[in-house]
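Novice: Pasting in a structure now, in structure tokens, and then I'll have a few things to ask.
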């Protein structure tokens, strides 16, 4: 009897455990099914404000002060990225909208403050063809002595910028190329400002045509009842999506590449062929930041002898080039050892010699560990480096000319004695 009761109790406990297990897994299954119907990313976009942002700095209520710092007009505070809590995508879109205004603002400074003009690419573009442009100083093509070419890194930065983040969060001097342009012009350089990230024209995609619904199979169900059932189903779907999906629609776009300028490497090669190689300057200097350094090395691979004959010195700042991956020749590597210097991010003091990573060019510290700051922190060192290289070259040429004169003079004297 006792054994029978215990068996009965064990049976009840086993059934109860089975029921609890079944209930648990049913709940899990329902939860997973619910999650599968909800896009969590879209859920986070619920109640997102419209993607409509100001078109000018004034409308954003920001302005650059006398120190070139971006400040709120009313509060005097720096730019705040998280303008609205828990709306990262909206904050990012707002930041990008401000970035586009900054780009136009820098273009205005290049034209008004630096007196640069646009040269459009391709040079033979027809009216309806996508185009890019670079900026030239008035004497960029005619200066007989010195030409400075500026190449920024990859990303959203456009002509005249080193880093958008620095322009917005620090100041114009550190984030733009304007101090480099101004200094170069003061020292007698012609200037070319490249635009290697302006590679395509972005246009809005035409709306997709709705597919024509095929007629449904006839049903024995009365039409009125079927319509009522369809309306209830549509209402359920509407309520579900209203509850969980309310994102702002982003415009769908497509990119039309700019001919012969669809990448940074293509752009640098094109500008070399159509502008730099045709410039009058006998001494070409280049400053290339990050991916711009890779594009320069690619130019070396394709126009090695031309570059060697025209370029006097190259200042790289935290360059992204790699002589192994880019398969440079031994001649290019030897030339880079002699005519290039790479200021890299490092905790060491500015201009400290660092161990070479590869056998291409000397590496020195830029005096900062922040990648985007390497150009600005190396500003004085770069121009001093260019002056030293040019002085050494001029002294070498003067010595060669002196030796040539001496040789010719001795030759004439010998001829006179023979007579």
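Heads up, residue numbers simply count up from 1 along the chain you see.
Glycine is no exception: its Cβ is also placed from the backbone N, Cα and C atoms.
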Novice: Using TrEMBL as the reference, determine which range in 149-202, 203-256, 257-310 is annotated region 'Disordered'.
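Specialist: So the range that TrEMBL calls region 'Disordered' is 203-256.
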Novice: In TrEMBL, which of the ranges 16-36, 37-57 has the transmembrane segment annotation?
Specialist: 16-36
Novice: Do you know the mean pLDDT across the domain 'Arb2' (53-350)?
Specialist: 89
